[in-house]
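Annotation source TrEMBL lists domain 'CstA N-terminal' at A:2-343, A:360-502. Residues or ranges marked as transmembrane segment in TrEMBL: A:6-26, A:62-80, A:86-109, A:130-148, A:219-240, A:252-273, A:285-305, A:385-406, A:427-448, A:454-479, A:486-504, A:516-538 (among others). Here TrEMBL flags A:548-567 as region 'Disordered'. According to TrEMBL, the feature compositional bias 'Low complexity' maps to A:555-567.
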Amino acid sequence: MNSLLLAVIGIAMVLGGYFLYSKYLASRVYRLDPEYATPAHTMNDGVDYVPTNKFVLWGHHFTSVAGAAPIVGPAVAVIWGWLPAFLWVTIGTVFFAGMHDMGALWASARNRGQSMGMLSGRYIGARGRSLFLVVIFLLLLMVNAAFATVIKNLLIATPTAVIPTWGAIVVAIVVGQMIYRWRMNLALTTVIGVVALYALILLGDAVPIELPEGSAAPFWLTILFLYAGVASLLPVHVLLQPRDYINGVQLFIALGILYGAVLLASPAVVAPAVNQNLPEGTPSLVPLLFVTIACGAISGFHGMVSSGTSSKQLDKETDARFVGYFGAVGEGLLALGSIIAATAGFATLANWEEVYAEFGAGGVGAFVSGGATIVNAGLGIPAGLSATILATTAILFAATTMDTGVRLSRFVVQEAGELMGLRVNKIVGTVVAVGVAMGITFSMGAGGDGGLQVIWPLFGTTNQLLASLTLAVIAVILLRRKRNALPALVPLVFVLIMSVYALIVQLSAFATNGQWLQLVLDVIILVASLWVAFEAAVAMVKAWRGPEVTDDTEPAPASSSAGGSED
Amino acid sequence: MSTVRRWWRGLSDGLREFYVAPYRRTFARAQREEDDLFTLIVLSEALGVPNPASYYTIELLPLLHERVHEWHTRMGMDRSPLENVACC
């Protein structure tokens, strides 16, 4: 199989989904109405609720949902061969992620822009809301541990990325100063920021920084957690905001470089379509594939973004199709790029098998090395420099998610403290959030392997659980309105079954290997999954048996403070 | 030339929205918290809270009058806690 052909087929499938299936969803299922007054207009406060141009909103939505996960998941999952990963990413994007993200936008916009947590309480019940908070807490715990390990692995495997990784922090701080203090033109600032970032990449490529083998992993992990803790405590305009912005711009540049190189080089995919020669210890494709690739096929995190911020900025209800569904298409294309890089960027099958010698060994490292070969062949950029560019891109994604993850975890710790009658200050909250994530990361030794090989599938399962809750809310709303709920019910049932199946498979593995921390997490997620299934079923039966609800008969949702988001 | 300038301005505006939008809420909340603290300091005399700066802040009371309703509802009080500032 030629990678260009694979890319063309993949792009055609997801674009076909956008032009055909999303049109059906928009007109027949969600019945998007261009005349409907969205919360951005009815509740316009110039802060949360602001009507926004759909292209700008798409850019904001896409960069909020895109992170390192659609790169890591598919790059790990190609161990079963490129075909299963390709099919799950494309079909998942078209029938699962697109309808989920667009549905979350629609459901939130029809309910005063309320968040999925609030909607779970409204449509599934009070227990549904509690469940939502539990799942989010678990997701945040795991995202910090998993992404710290991703970054550590990349810094060790690609020492040329060390200088641009840490230098990007200085670039972001300077960009923030240029915008707020010196009031410079943003387009000019963007150009200067991107040029500075690429100058650092060139410098890093010339001056690789390698640490002694034994101490590199614990050193980088400790520094990363310290950095994330400090970054989450700084005012957002100093570091996080300019960092998010530069990373967002870099995302588009990196996608352009990767797809441009595939177009020009069109290398052959050396990995098998379905891998019959699986390394020992590789879990079975069903169900693990469906939790290994979460972002890129379907991700509950997107529902949080859709209902947390994007729905409050929808200018017209019909924009939900472009912002929500096409946002999922963008994420699918990122995952597709990762599959191509991790399967076509090797000279021979033997080289590929060398990298994919055990489950979890390929991953983002294979994306970087494979992608670098393709970029080198397509655009003529030296392979080493290409690897530095891709490694830096992946690190920046993961680091941005980690910054936000630690900050949100701190809020959760502070809120939990308040519920127990304790006043937890910012520093203590951050120490607790960082400490727990570090505990998970170092749970399998100083190398920090507990953060990825074991946590990644659990992270995927939790993400799918969150997606199931969102799909359940959408299904209940559709059933109440006596519309076709199958587009939500089929993905819901499939994702929930695969998540529970994966948890049971992992449970026995954790028990056998004596991984007690992971075992406890697995049991909590399993109980939450069964709970979701039960609560969703009860709510859906009630909605199905109840009278038809229309816009006129639907009671107004309770008002929510500060936009009703958990943020 | 004007087309280029218009295009450049459009690009800058789009980028600014892209820069500002994700953090608009965070800044608004920080601003509100600062305003609440300021309001509390100015109102402290009327609320019976010791205020070492009352000599300066008491003059600001009339200026705050219009913001009191928004402040007390945000603080979780349905009615104004001040007898002489009955806003609702």
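Cβ atoms here come from the backbone N, Cα and C positions, even for glycine.
TrEMBL entries are annotated by machine, without manual review.
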Query - Recorded stretch, among A:86-109, A:130-148, A:427-448, maximising Cβ pairs under 8 Å relative to the transmembrane segment (A:219-240) - result: A:427-448
Query raised in the report: Hey, does the transmembrane segment (A:285-305) touch the transmembrane segment (A:454-479), meaning at least 3 C-beta pairs closer than 8 angstroms, sequence gap 6 or more?
Result: yes
Query raised in the report: Quick one: do the transmembrane segment (A:486-504) and the transmembrane segment (A:285-305) reach 3+ CB pairs under 8 Å, ignoring pairs fewer than 6 apart in sequence?
Result: yes
Query raised in the report: Hey, does the transmembrane segment (A:285-305) touch the transmembrane segment (A:86-109), meaning at least 3 C-beta pairs closer than 8 angstroms, sequence gap 6 or more?
Result: yes
Report summary line: DSSP tally for the domain 'CstA N-terminal' (A:360-502), helix/strand/coil in that order, comes to 119 helix, 0 strand, 24 coil
